[in-house]
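What follows is a short report on a single structure.
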């Protein structure tokens, strides 16, 4: 036990030395200890950096820390902010979990492989496990974005059906399906690797997936097919949003199913004739004003909100596309042109492109911060250690009061908190009165404030 503790201590000291020490400092005893440890286990070898400090390794450590921390903030925000409790943000939280696990389990071991010149320094049975985790979390990220794009399109195309079946339970079921597909793609890797080590080792030293058939099939299933679905659904989403916005802008709405266009025109014409006969002296300005009031402002605001959300998700999708496309394209080319391509160049490109893909896991929280006010405020509070959940002010019940409204449209009721007596303001004496019961009102208690309520009399 003492020897194991000393070995672990020596390894950690030496790992820090790999990151910050210069080569002219004498650390040969520590290097010799760690070299002996790995030489006795798996024949690994240590290559000490030459000349200057290993700044690339330090930058990778910073990327790992930012990836883990940023995605933890996303998970906290969706968990604690009630405004973020919807299906899309549940998907984003699950995506953040996958990205956080990339930073915890995949990126550190990849950094370790870089520090040892891509010679696997750990026990050999851990190599297929690490590759499987890499494929699992990367595939999960892609599948989450694909599921989000499909969910957004359905929500915009059929909002009534989507809202009817879009509960928290349904969202969790969809997320479970995404993870099940990702696990199904990654599970064969440890099975293949433990049976035949040549499938996960190159030159018996470098831990990398070395099965051409699995590389081809896995790349298409885990990346290119979901990518095609995302591109199509995102284009359709933009098309539907633009069409709905244009229809509302010109005062048209989509006709309900089962009603013909002639029937709608007839109804509109009859309605217009009745209004003209009932109000022959109504001026043209009043008609225009009514037409503007009938325009569904709430629907237009909802479309604007959907457009903003689609913009943020589109940026996430575009960043993901830019980050992962080089790796998967190079991965396919390395298999298809195995004899004609320069394999050493392909290996170097893959080593660079895979880290560009890893960086994508840390960029998503930055996108949310820049383009979403709720996430930005939540992140700011959490970084200042402010985890308090906003509570609603206490409510107080106002006694039931009967009132007669003399206005055919609205009734203004001023309630003074220090007396609890409603004061009714008559809007007009020219229109017939409508008897109305004012029900119990629950309003926040604030003795120094005066609350003015506008209550519809219909």
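A Cβ is built for glycine as well, from the same backbone N, Cα and C atoms used for every other residue.
Per Swiss-Prot, the feature signal peptide maps to 1-32. Sequence annotations record features per position, and here Swiss-Prot assigns N-linked glycosylation site to 39, 204. For 127-207, 337-341, the entry in Swiss-Prot reads disulfide bond, with the evidence type experimental evidence. Residues or ranges marked as ergotamine binding site by Swiss-Prot on the basis of experimental evidence: 139, 209. Here Swiss-Prot flags 274-301 as region 'Disordered'. Look at Swiss-Prot and you will find 364-368 tagged as motif 'NPxxY motif', backed by similarity to another entry.
Feature map: annotations from Swiss-Prot on the structure.
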residue	record	Cβ within 10 Å
127	disulfide bond	25
139	ergotamine binding site	24
204	N-linked glycosylation site	12
207	disulfide bond	24
209	ergotamine binding site	22
337	disulfide bond	12
341	disulfide bond	14
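Comparing Cα positions, residue 341 (disulfide bond) lies closest to 209 out of the recorded positions 139, 204, 209. According to its DSSP assignment, residue 207 (disulfide bond) is in a strand. Of all the recorded positions in the record (139, 204, 209, 337), the one with the smallest CA separation from residue 127 (disulfide bond) is 209. Across the fold, the C-alpha of residue 209 (ergotamine binding site) and the C-alpha of residue 337 (disulfide bond) stand 17 Å from each other. Across the motif 'NPxxY motif' (364-368), DSSP assigns 5 helix, 0 strand, 0 coil. Taking the Cα atom of each, residue 204 (N-linked glycosylation site) and residue 337 (disulfide bond) are about 22 angstrom apart.
Here residue 207 (disulfide bond) is positioned 21 angstrom away from residue 337 (disulfide bond), judged by their C-alpha atoms. Rounded to a whole number, the C-alpha distance linking residue 139 (ergotamine binding site) with residue 207 (disulfide bond) is 19 angstrom.
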